[in-house]
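Structure record follows, encoded as structure tokens.
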Amino acid sequence: MGAETTDNDHGYTKKEVDEQAARQKAINDWLPITSSRNAKWWYSAFHNVTAMVGAGVLSLPYAMSELGWGPGVAVLILSWVITLYTLWQMVEMHEMVPGKRFDRYHELGQHAFGEKLGLYIVVPQQLIVEVGVCIVYMVTGGKSLKKFHDIVCSTCKPIKQTYFIMIFASVHFVLSHLPNFNSISGVSLAAAVMSLSYSTIAWSASIDKGVQPDVQYGYKASTKVGTVFNFFSALGEVAFAYAGHNVVLEIQATIPSTPVKPSKVPMWRGVIVAYIVVALCYFPVALIGYWIYGNSVSDNILITLEKPVWLIAMANMFVVVHVIGSYQIYAMPVFDMVETLLVKKMNFRPTMILRLVVRSTYVAFTMFVGITFPFFSGLLGFFGGFAFAPTTYFLPCVMWLAIYKPKKFSISWWTNWICIVFGVILMIVSPIGGLRQIIISAKDYKFYD
């Protein structure tokens, strides 16, 4: 009754208010994040695994070679603990206002920092992460397809990587038209299974190969400056590996919720399962890969492994299936943002044609950028620090402090500030290393080769 009076103060009739509410509901039922809320807790598990365990896991042995044993193990464990904590914060904050759900990262940002400032803080970072991941996955998918082709058909005429990225993109021109998160759950489940499979192949094939006779664990760079820059870049690669927070609220939005059974209970159960899987993927690959190959490991461990041929070929195909699912998980919030803007702000009609144009344009854009700049590890380091560190390591802590205002010097206060300091250091130093690596790679690079 109170809401109706307010609207009447603005000169609206009850009929107009009802029509407006019906229109908003129709739009929400059409948008990808809010159109389906019947997910189960295990959807949360495999969506989170697919979002988290991506191309980043394959670069962890390389990151270890740039960090060294002590700092490498410390950064891996710290990242696992901090990101699990910040993920818990986001799950808790999803429904902290009774009767309201923060279905999107920027909505939580607006609640914490204010309508305008929240948008300015969260949306650019979230877009950099999601678009950045999609571009990197275009490159990863293309590289893995090329590796599969080169292994299976070693006598065939070489085919440019550009064409493989195009082949990978062609799948997304079809899959990106699935309407919402729940409709991609099959793709996501397959991707989650594949991530565990290729991670297991990566470390078990390394063990099978045995420690290399000339293995060295010292830093590869010949100068002090090079070593420092590589260290910075490796921090970004680790940050990239823990990038699932950007879609966590959107995943939670698909789970039904009531006052008796809030969505955070099944969501958190799924997150715990996902983080166990993450540990089973990350730690063995990073530690065993580095132990076997030392500082001669490639920026993608599957490229370092050559034998057994059939197993490595299979692992590369698993990577392709996995990054297909991951690309969709990260693209869905972008589709949601763009479609919300067009339909709610610019008053476009929510039609299939609009969706077709928006999503096809996005896939074409990420494909083009991926083909133009396929510097794999440099991209990971640059994007990893620049945007992944804030959204994953410390933005949830800043929001927590802004909303809950824990008592100064309490455990909660200290915990959040430690995470913020660690995340800010990560954000500042890792893009420097990543950018340097991109510049070095670019020297010898021929466009569209």
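Each Cβ is built from the backbone N, Cα and C atoms, and glycine gets one as well.
Over in TrEMBL, the protein carries these features:
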DOMAIN    38-433  domain 'Amino acid transporter transmembrane'
TRANSMEM  41-60  transmembrane segment
TRANSMEM  67-88  transmembrane segment
TRANSMEM  117-140  transmembrane segment
TRANSMEM  161-178  transmembrane segment
TRANSMEM  184-203  transmembrane segment
TRANSMEM  271-293  transmembrane segment
TRANSMEM  313-335  transmembrane segment
TRANSMEM  356-376  transmembrane segment
TRANSMEM  382-404  transmembrane segment
TRANSMEM  416-439  transmembrane segment
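Cβ atoms under 8 Å from those of the transmembrane segment (184-203) belong to residues 39, 43, 45-47, 49-50, 53-54, 57-58, 175, 178, 277, 280-282, 284-285, 288-289, 301-302, 305, 311-312, 314-316, 318-319, 321-326, 328-329, 332 of the same chain, restricted to positions at least 6 beyond its ends.
A contact links the transmembrane segment (382-404) to the transmembrane segment (416-439), because at least 3 Cβ pairs that are 6 or more residues apart lie under 8 A.
When Cβ-Cβ distances below 8 Å are used as the criterion, the transmembrane segment (67-88) is approached by residues 60, 217, 219, 231, 234-235, 238-239, 241-242, 244-245, 248, 268, 271, 275, 278-279, 282-283, 286-287, 290, 392-394, 396-397, 415, 419, 422-423 of the same chain, each at least six residues removed from its ends.
Segment contact is absent for the transmembrane segment (271-293) and the transmembrane segment (356-376), given fewer than three CB pairs below 8 angstroms at sequence separation of 6 or more. Looking at which of 41-60, 117-140, 161-178, 313-335, 416-439 has the most CB pairs under 8 Å to the transmembrane segment (356-376), the answer is the stretch 161-178. Residues 54-55, 105-111, 165, 168-169, 240, 243, 246-247, 300, 319, 323, 326-327, 330-331, 333-334, 337, 362, 366-367, 369-371, 373-374, 376, 379-380, 383, 386-388, 390-391, 395 of the same chain, all 6+ positions outside the transmembrane segment (117-140), place their C-beta atoms under 8 angstroms from a C-beta of that stretch.
Ranked by Cβ pairs under 8 Å to the transmembrane segment (161-178), the stretches 41-60, 313-335, 416-439 are led by 313-335.
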